[in-house]
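> Mind having a look at this structure? Questions to follow.
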Amino acid sequence: MDFDSYADNYSKSISKKQCLELFEDNENLFNILNCANKINKKINGNTITYVVNRNINFTNICVGDCKFCAFKVDENHNDAYFINPKEIGKKAFEAKKLGCTEVCIQGGLRNNIDVELQSNILKEVCSATKPLGGIHIHAFSPMEVKFASENSGLDIKEALMILKENGLNTMPGTAAEILDDNIRAELCPSKLSTKEWIKIVKTAHKVGIKTTSTMMYGHIEEYKHIVNHLFILKEIQEETGGITEFVPLSFMHKMAPIYYEGNARGGSSGIEDLKVYAISRMLFGDTIKNIQVSWVKLGIKLAQMGLKCGANDFGGTLMEENISKSAGASYGTYMGAEEIRNVINAIGGAPRERDTFYNILE
(Lines of atoms letter the chains of each structure in order from A and count residues from 1; the text may use other names and numbers.)
(Lines give C-alpha, C1' and ligand atoms only; values in the text may rest on other atoms or scores of the structure.)
Protein backbone atom coordinates (compact mmCIF):
# COMPACT_ATOMS: atom_id res chain seq x y z
CA MET A 1 0.00 0.00 0.00
CA ASP A 2 1.10 3.56 -0.75
CA PHE A 3 0.43 4.97 2.72
CA ASP A 4 0.97 8.63 1.81
CA SER A 5 -1.45 8.35 -1.09
CA TYR A 6 -4.03 6.58 1.08
CA ALA A 7 -3.81 9.25 3.77
CA ASP A 8 -4.66 11.82 1.09
CA ASN A 9 -7.55 9.74 -0.32
CA TYR A 10 -8.90 7.88 2.72
CA SER A 11 -12.51 8.32 1.58
CA LYS A 12 -11.94 5.47 -0.90
CA SER A 13 -11.65 3.16 2.12
CA ILE A 14 -10.07 -0.30 2.11
CA SER A 15 -11.35 -3.79 1.39
CA LYS A 16 -11.65 -6.60 3.93
CA LYS A 17 -8.64 -8.26 2.32
CA GLN A 18 -6.54 -5.10 2.63
CA CYS A 19 -7.72 -4.58 6.19
CA LEU A 20 -6.67 -8.10 7.19
CA GLU A 21 -3.30 -7.63 5.46
CA LEU A 22 -2.70 -4.48 7.51
CA PHE A 23 -3.31 -6.36 10.76
CA GLU A 24 -0.91 -9.09 9.64
CA ASP A 25 1.75 -6.62 8.42
CA ASN A 26 4.47 -6.10 11.03
CA GLU A 27 7.12 -4.67 8.70
CA ASN A 28 5.09 -1.53 7.97
CA LEU A 29 3.87 -0.95 11.53
CA PHE A 30 5.08 2.64 11.77
CA ASN A 31 3.76 3.46 8.31
CA ILE A 32 0.33 2.19 9.40
CA LEU A 33 0.37 4.21 12.62
CA ASN A 34 1.59 7.34 10.85
CA CYS A 35 -1.00 7.00 8.09
CA ALA A 36 -3.79 6.77 10.66
CA ASN A 37 -2.45 9.80 12.52
CA LYS A 38 -2.41 11.82 9.28
CA ILE A 39 -6.01 10.83 8.50
CA ASN A 40 -7.13 11.74 12.00
CA LYS A 41 -5.42 15.14 11.72
CA LYS A 42 -7.29 15.80 8.47
CA ILE A 43 -10.61 14.92 10.14
CA ASN A 44 -10.21 16.22 13.69
CA GLY A 45 -7.20 18.52 13.53
CA ASN A 46 -5.22 18.78 16.74
CA THR A 47 -8.33 18.60 18.93
CA ILE A 48 -8.51 15.81 21.50
CA THR A 49 -11.83 15.65 23.29
CA TYR A 50 -12.98 14.35 26.65
CA VAL A 51 -16.27 14.21 28.55
CA VAL A 52 -16.95 14.94 32.21
CA ASN A 53 -19.12 11.99 33.20
CA ARG A 54 -19.95 9.49 35.88
CA ASN A 55 -20.33 5.74 35.45
CA ILE A 56 -23.00 4.10 37.59
CA ASN A 57 -22.86 0.29 37.57
CA PHE A 58 -26.09 -0.20 39.50
CA THR A 59 -25.92 -3.95 40.14
CA ASN A 60 -23.41 -6.78 39.88
CA ILE A 61 -26.13 -9.42 40.21
CA CYS A 62 -26.37 -11.21 36.88
CA VAL A 63 -27.79 -14.41 35.43
CA GLY A 64 -25.49 -14.17 32.41
CA ASP A 65 -22.68 -16.59 31.65
CA CYS A 66 -20.07 -14.37 30.00
CA LYS A 67 -16.76 -16.15 30.48
CA PHE A 68 -14.71 -12.95 30.38
CA CYS A 69 -16.63 -11.25 33.20
CA ALA A 70 -15.32 -11.02 36.75
CA PHE A 71 -17.95 -8.44 37.77
CA LYS A 72 -21.06 -10.62 38.04
CA VAL A 73 -22.17 -12.47 41.15
CA ASP A 74 -25.24 -14.51 42.07
CA GLU A 75 -28.18 -13.01 43.97
CA ASN A 76 -27.12 -14.47 47.34
CA HIS A 77 -23.39 -13.74 47.07
CA ASN A 78 -21.83 -11.78 49.94
CA ASP A 79 -20.61 -9.12 47.50
CA ALA A 80 -23.93 -8.75 45.67
CA TYR A 81 -25.34 -5.24 45.47
CA PHE A 82 -28.24 -3.42 43.85
CA ILE A 83 -28.59 0.36 43.82
CA ASN A 84 -32.26 1.33 43.74
CA PRO A 85 -33.59 4.00 41.36
CA LYS A 86 -33.80 6.65 44.11
CA GLU A 87 -30.12 6.16 45.01
CA ILE A 88 -29.14 6.23 41.33
CA GLY A 89 -30.93 9.58 41.11
CA LYS A 90 -28.87 10.85 44.06
CA LYS A 91 -25.65 9.71 42.38
CA ALA A 92 -26.68 11.55 39.20
CA PHE A 93 -27.45 14.68 41.24
CA GLU A 94 -23.97 14.49 42.85
CA ALA A 95 -22.43 14.08 39.40
CA LYS A 96 -24.26 17.12 38.04
CA LYS A 97 -23.14 19.21 41.02
CA LEU A 98 -19.55 18.20 40.29
CA GLY A 99 -19.83 19.41 36.69
CA CYS A 100 -20.71 16.18 34.88
CA THR A 101 -22.69 16.50 31.67
CA GLU A 102 -23.41 12.76 31.37
CA VAL A 103 -24.20 9.73 33.48
CA CYS A 104 -23.54 6.29 32.00
CA ILE A 105 -25.82 3.73 33.66
CA GLN A 106 -25.35 -0.02 33.15
CA GLY A 107 -25.74 -3.12 35.27
CA GLY A 108 -25.98 -6.88 35.38
CA LEU A 109 -28.97 -8.95 34.29
CA ARG A 110 -30.91 -9.37 37.53
CA ASN A 111 -34.16 -11.32 37.20
CA ASN A 112 -36.34 -8.43 38.35
CA ILE A 113 -35.09 -5.98 35.73
CA ASP A 114 -37.76 -5.05 33.23
CA VAL A 115 -38.61 -1.97 31.19
CA GLU A 116 -40.63 -0.54 34.09
CA LEU A 117 -37.61 -0.68 36.41
CA GLN A 118 -35.36 0.83 33.74
CA SER A 119 -37.95 3.58 33.21
CA ASN A 120 -38.05 4.25 36.95
CA ILE A 121 -34.27 4.69 36.94
CA LEU A 122 -34.55 7.18 34.08
CA LYS A 123 -37.36 9.10 35.77
CA GLU A 124 -35.47 9.33 39.06
CA VAL A 125 -32.36 10.67 37.30
CA CYS A 126 -34.42 13.23 35.39
CA SER A 127 -36.26 14.30 38.53
CA ALA A 128 -33.14 14.50 40.71
CA THR A 129 -31.12 16.57 38.22
CA LYS A 130 -33.93 18.79 36.91
CA PRO A 131 -33.27 21.58 39.48
CA LEU A 132 -29.71 21.78 38.14
CA GLY A 133 -30.76 21.78 34.48
CA GLY A 134 -30.83 18.02 33.92
CA ILE A 135 -28.11 15.65 32.76
CA HIS A 136 -27.60 13.52 29.65
CA ILE A 137 -28.58 9.90 30.31
CA HIS A 138 -26.47 7.34 28.43
CA ALA A 139 -27.82 3.99 29.59
CA PHE A 140 -28.55 0.30 29.06
CA SER A 141 -26.62 -1.90 26.65
CA PRO A 142 -28.35 -3.78 23.81
CA MET A 143 -28.26 -6.89 26.01
CA GLU A 144 -29.90 -5.04 28.90
CA VAL A 145 -32.62 -3.76 26.56
CA LYS A 146 -33.23 -7.26 25.18
CA PHE A 147 -33.39 -8.77 28.69
CA ALA A 148 -35.74 -6.10 30.05
CA SER A 149 -37.99 -6.15 26.99
CA GLU A 150 -38.40 -9.94 27.23
CA ASN A 151 -39.20 -9.68 30.95
CA SER A 152 -41.85 -7.08 30.08
CA GLY A 153 -43.34 -8.96 27.11
CA LEU A 154 -42.45 -6.13 24.73
CA ASP A 155 -40.70 -6.08 21.38
CA ILE A 156 -37.46 -4.13 21.05
CA LYS A 157 -38.97 -1.09 19.35
CA GLU A 158 -41.72 -0.80 21.98
CA ALA A 159 -39.16 -1.04 24.79
CA LEU A 160 -36.89 1.57 23.25
CA MET A 161 -39.77 3.97 22.65
CA ILE A 162 -40.83 3.69 26.31
CA LEU A 163 -37.26 4.24 27.51
CA LYS A 164 -36.88 7.25 25.23
CA GLU A 165 -40.14 8.75 26.50
CA ASN A 166 -38.87 8.38 30.07
CA GLY A 167 -35.57 10.14 29.49
CA LEU A 168 -33.11 7.84 27.71
CA ASN A 169 -30.93 10.07 25.52
CA THR A 170 -28.33 7.68 24.10
CA MET A 171 -27.33 4.04 24.52
CA PRO A 172 -23.92 2.37 25.00
CA GLY A 173 -23.01 0.05 22.13
CA THR A 174 -21.56 -2.43 24.57
CA ALA A 175 -22.31 -6.19 24.72
CA ALA A 176 -20.80 -6.35 21.22
CA GLU A 177 -17.59 -8.12 22.31
CA ILE A 178 -16.74 -9.71 18.92
CA LEU A 179 -19.64 -9.79 16.47
CA ASP A 180 -19.15 -13.37 15.35
CA ASP A 181 -21.48 -16.11 16.59
CA ASN A 182 -18.79 -18.80 16.74
CA ILE A 183 -16.70 -16.60 19.02
CA ARG A 184 -19.77 -15.62 21.05
CA ALA A 185 -20.70 -19.29 21.56
CA GLU A 186 -17.43 -19.74 23.47
CA LEU A 187 -17.15 -16.29 25.03
CA CYS A 188 -20.72 -15.47 26.06
CA PRO A 189 -23.04 -18.38 25.16
CA SER A 190 -26.34 -16.92 26.37
CA LYS A 191 -25.73 -13.36 25.26
CA LEU A 192 -27.61 -11.87 22.34
CA SER A 193 -26.48 -13.00 18.87
CA THR A 194 -24.67 -10.87 16.33
CA LYS A 195 -27.91 -10.45 14.40
CA GLU A 196 -29.78 -9.38 17.54
CA TRP A 197 -27.11 -6.85 18.50
CA ILE A 198 -27.25 -5.31 15.04
CA LYS A 199 -31.05 -5.22 15.08
CA ILE A 200 -31.25 -3.51 18.48
CA VAL A 201 -28.65 -0.90 17.57
CA LYS A 202 -30.31 -0.15 14.23
CA THR A 203 -33.73 0.03 15.88
CA ALA A 204 -32.38 2.47 18.46
CA HIS A 205 -31.05 4.67 15.67
CA LYS A 206 -34.36 4.53 13.82
CA VAL A 207 -36.34 5.71 16.87
CA GLY A 208 -33.89 8.55 17.47
CA ILE A 209 -31.56 7.06 20.07
CA LYS A 210 -27.92 7.32 19.02
CA THR A 211 -25.42 4.78 20.30
CA THR A 212 -21.72 4.28 20.70
CA SER A 213 -19.99 1.19 19.29
CA THR A 214 -17.44 -1.09 20.92
CA MET A 215 -15.25 -4.13 20.33
CA MET A 216 -13.55 -6.27 22.97
CA TYR A 217 -10.42 -7.97 21.62
CA GLY A 218 -7.38 -9.87 22.87
CA HIS A 219 -9.04 -13.11 24.03
CA ILE A 220 -9.92 -15.92 21.57
CA GLU A 221 -10.55 -14.00 18.37
CA GLU A 222 -8.32 -13.85 15.29
CA TYR A 223 -7.64 -10.83 13.11
CA LYS A 224 -10.27 -11.98 10.62
CA HIS A 225 -12.91 -11.67 13.35
CA ILE A 226 -11.77 -8.15 14.20
CA VAL A 227 -11.95 -7.17 10.54
CA ASN A 228 -15.47 -8.55 10.13
CA HIS A 229 -16.55 -6.76 13.31
CA LEU A 230 -15.21 -3.43 12.07
CA PHE A 231 -16.97 -3.83 8.73
CA ILE A 232 -20.28 -4.57 10.49
CA LEU A 233 -19.96 -1.29 12.42
CA LYS A 234 -19.07 0.60 9.26
CA GLU A 235 -22.08 -0.83 7.41
CA ILE A 236 -24.43 0.11 10.28
CA GLN A 237 -23.09 3.66 10.28
CA GLU A 238 -23.42 3.99 6.52
CA GLU A 239 -27.06 2.91 6.81
CA THR A 240 -28.17 4.85 9.90
CA GLY A 241 -25.56 7.47 10.82
CA GLY A 242 -26.44 6.79 14.46
CA ILE A 243 -23.03 5.83 15.89
CA THR A 244 -21.33 8.65 17.82
CA GLU A 245 -18.00 6.93 18.49
CA PHE A 246 -16.03 3.69 18.36
CA VAL A 247 -14.42 2.43 21.57
CA PRO A 248 -12.00 -0.52 21.26
CA LEU A 249 -11.80 -2.38 24.57
CA SER A 250 -8.69 -4.42 25.33
CA PHE A 251 -9.55 -7.68 27.14
CA MET A 252 -8.77 -7.49 30.87
CA HIS A 253 -7.56 -11.02 31.52
CA LYS A 254 -6.25 -11.16 35.09
CA MET A 255 -9.50 -12.11 36.83
CA ALA A 256 -11.45 -13.34 33.80
CA PRO A 257 -12.66 -16.97 34.16
CA ILE A 258 -11.92 -17.84 30.52
CA TYR A 259 -8.28 -16.84 31.05
CA TYR A 260 -7.56 -18.57 34.34
CA GLU A 261 -9.21 -21.71 32.97
CA GLY A 262 -6.59 -21.62 30.21
CA ASN A 263 -8.97 -20.96 27.32
CA ALA A 264 -7.97 -17.44 26.30
CA ARG A 265 -4.77 -15.53 25.79
CA GLY A 266 -3.66 -12.88 28.25
CA GLY A 267 -4.97 -9.82 26.50
CA SER A 268 -3.58 -7.92 23.56
CA SER A 269 -0.05 -6.59 23.15
CA GLY A 270 0.59 -2.86 23.08
CA ILE A 271 1.35 -3.19 19.37
CA GLU A 272 -2.03 -4.83 18.77
CA ASP A 273 -3.75 -2.04 20.69
CA LEU A 274 -2.16 0.62 18.49
CA LYS A 275 -2.94 -1.36 15.34
CA VAL A 276 -6.62 -1.55 16.31
CA TYR A 277 -6.79 2.24 16.69
CA ALA A 278 -4.84 2.88 13.51
CA ILE A 279 -6.54 0.41 11.19
CA SER A 280 -9.97 1.38 12.53
CA ARG A 281 -9.20 4.99 11.58
CA MET A 282 -7.95 3.94 8.15
CA LEU A 283 -11.15 1.95 7.57
CA PHE A 284 -13.68 4.32 9.13
CA GLY A 285 -12.16 7.61 7.99
CA ASP A 286 -14.82 10.14 8.92
CA THR A 287 -17.70 7.64 8.60
CA ILE A 288 -17.25 7.03 12.32
CA LYS A 289 -15.49 10.28 13.10
CA ASN A 290 -14.64 9.66 16.74
CA ILE A 291 -12.42 6.89 18.11
CA GLN A 292 -11.91 6.75 21.86
CA VAL A 293 -9.01 5.36 23.87
CA SER A 294 -9.90 3.50 27.06
CA TRP A 295 -7.42 4.88 29.61
CA VAL A 296 -8.84 2.60 32.32
CA LYS A 297 -7.79 -0.46 30.33
CA LEU A 298 -4.65 0.83 28.59
CA GLY A 299 -3.10 3.11 31.19
CA ILE A 300 -2.18 6.73 30.53
CA LYS A 301 0.99 6.28 28.46
CA LEU A 302 -0.45 3.75 26.01
CA ALA A 303 -3.63 5.83 25.77
CA GLN A 304 -1.46 8.80 24.80
CA MET A 305 0.15 6.67 22.10
CA GLY A 306 -3.30 5.69 20.82
CA LEU A 307 -4.10 9.38 20.41
CA LYS A 308 -1.16 9.61 18.00
CA CYS A 309 -2.32 6.55 16.05
CA GLY A 310 -5.78 7.52 14.85
CA ALA A 311 -7.82 8.06 18.02
CA ASN A 312 -9.13 11.53 18.89
CA ASP A 313 -11.02 11.14 22.17
CA PHE A 314 -9.71 10.45 25.67
CA GLY A 315 -13.03 9.31 27.07
CA GLY A 316 -14.45 10.36 30.40
CA THR A 317 -13.65 11.20 33.98
CA LEU A 318 -15.82 8.18 34.93
CA MET A 319 -15.75 8.69 38.75
CA GLU A 320 -16.42 4.95 39.21
CA GLU A 321 -15.92 2.08 36.80
CA ASN A 322 -16.37 -1.25 38.53
CA ILE A 323 -16.41 -3.66 35.59
CA SER A 324 -12.82 -3.15 34.38
CA LYS A 325 -11.66 -2.96 38.01
CA SER A 326 -13.24 -6.35 38.79
CA ALA A 327 -11.47 -7.88 35.80
CA GLY A 328 -8.06 -6.70 36.99
CA ALA A 329 -7.57 -3.25 35.47
CA SER A 330 -5.15 -1.32 37.66
CA TYR A 331 -5.12 2.19 36.23
CA GLY A 332 -7.78 3.74 38.45
CA THR A 333 -11.43 4.60 37.99
CA TYR A 334 -11.39 8.40 38.17
CA MET A 335 -9.41 11.14 36.51
CA GLY A 336 -10.30 14.80 36.96
CA ALA A 337 -10.80 17.11 34.00
CA GLU A 338 -7.66 19.11 34.81
CA GLU A 339 -5.55 15.95 34.89
CA ILE A 340 -7.03 14.82 31.57
CA ARG A 341 -6.18 18.21 30.04
CA ASN A 342 -2.60 17.87 31.29
CA VAL A 343 -2.31 14.39 29.77
CA ILE A 344 -3.53 15.73 26.41
CA ASN A 345 -1.32 18.84 26.55
CA ALA A 346 1.70 16.63 27.25
CA ILE A 347 1.44 15.09 23.76
CA GLY A 348 0.83 18.40 21.99
CA GLY A 349 -2.93 17.99 21.66
CA ALA A 350 -5.57 20.67 22.12
CA PRO A 351 -7.88 19.45 24.92
CA ARG A 352 -11.55 20.27 24.52
CA GLU A 353 -14.43 19.28 26.77
CA ARG A 354 -17.34 17.83 24.81
CA ASP A 355 -20.84 16.55 25.40
CA THR A 356 -22.09 13.07 24.49
CA PHE A 357 -22.79 14.16 20.90
CA TYR A 358 -19.28 15.62 20.53
CA ASN A 359 -20.41 19.22 20.66
CA ILE A 360 -17.53 21.27 22.07
CA LEU A 361 -18.49 22.93 25.36
CA GLU A 362 -15.74 25.54 25.62
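Glycine residues also receive a Cβ, built from the backbone N, Cα and C atoms like all the rest.
Got these off Swiss-Prot a minute ago, pasting:
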BINDING   Cys62, Cys66, Cys69  [4Fe-4S] cluster binding site
DOMAIN    48-294  domain 'Radical SAM core'
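Have a look at these and tell me how they're positioned relative to everything else.
Within 10 Å of the Cβ of Cys62 ([4Fe-4S] cluster binding site) there are 21 other Cβ atoms, across all protein chains. In the three-state DSSP scheme, Cys62 ([4Fe-4S] cluster binding site) falls into the coil class.
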> Near the [4Fe-4S] cluster site, what residues other than Cys62, Cys66, Cys69 in the same chain have a C-beta no further than 8 Å from the centroid of the listed C-beta atoms?
Gly64, Asp65, Phe68, Phe71, Lys72, Gly108, Leu109, Cys188
> I'd like the number of other C-beta atoms within 10 A of the C-beta of Cys66 ([4Fe-4S] cluster binding site), please.
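Step by step: centre on the Cβ of Cys66 ([4Fe-4S] cluster binding site), count other Cβ atoms within 10 Å, giving 23.
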